[in-house]
Amino acid sequence: MKVLEGSVAAPNAKVAVVIARFNSFINESLLEGAIDALKRIGQVKDENITIVRTPGAYELPLVARRLAESKKFDAIVALGTVIRGGTAHFEYVAGEASSGLGKVAMDAEIPVAFGVLTTENIEQAIERAGTKAGNKGAEAALTALEMVNLIQQIDAA
């Protein structure tokens, strides 16, 4: 029986981290977690990490698509924060970011890790950006690396 399972060490992986500027005080913590995980755990070289900033989470899918189409990256990590407010805006932005990033992954056949927080309030966002609920940016980065390795194994099998 053959079992394929990716590891998180990917020293030669080229990774784009796409980060929304809106809610930057949260997103910068996600970015710090992602970069730390890529370098320290994934052993990705500094020169193989590209950071791209978008205005907000809604713009993440288009930028991720362009990066995927460039064929310069093995994986993309998308980071952002969408916090529910008093209008339907939350549903539109969160839904489009989620479905758009998923579409990029499927269409381009490249791992696109979803590190976009979709929370009810600021407290939940802070908890998920490096306090008691961990750092979802770091988790997304490690997911991206594991998927890079898993896809390589599938292609070689």
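Cβ from N, Cα, C; glycine included.
The active site, proton donor annotation in Swiss-Prot covers His89. Under the three-state DSSP scheme, His89 (active site, proton donor) falls in the helix class.
The 5-amino-6-(D-ribitylamino)uracil binding site annotation in Swiss-Prot covers Phe22, Ala57, Tyr58, Glu59, Thr81, Val82, Ile83, Phe114, and the record cites sequence analysis as its basis. Glu59 (5-amino-6-(D-ribitylamino)uracil binding site) falls within a helical segment according to DSSP.
Among the features that Swiss-Prot reports, (2S)-2-hydroxy-3-oxobutyl phosphate binding site is placed at Gly86, Thr87, Arg128. DSSP assigns Arg128 ((2S)-2-hydroxy-3-oxobutyl phosphate binding site) to a helix. The Cβ of Arg128 ((2S)-2-hydroxy-3-oxobutyl phosphate binding site) has 24 neighbouring Cβ atoms from other residues within 10 Å, across all protein chains displayed.
The number of other CB atoms found within 10 A of the CB of Ala57 (5-amino-6-(D-ribitylamino)uracil binding site), across every protein chain shown, is 29.
Calculated from their C-alpha atoms, the gap between Val82 (5-amino-6-(D-ribitylamino)uracil binding site) and Arg128 ((2S)-2-hydroxy-3-oxobutyl phosphate binding site) amounts to 12 Å. In this entry, 5-amino-6-(D-ribitylamino)uracil is bound by Phe22, Ala57, Tyr58, Glu59, Thr81, Val82, Ile83, Phe114, whose most widely separated C-alpha atoms sit 16 angstrom apart.
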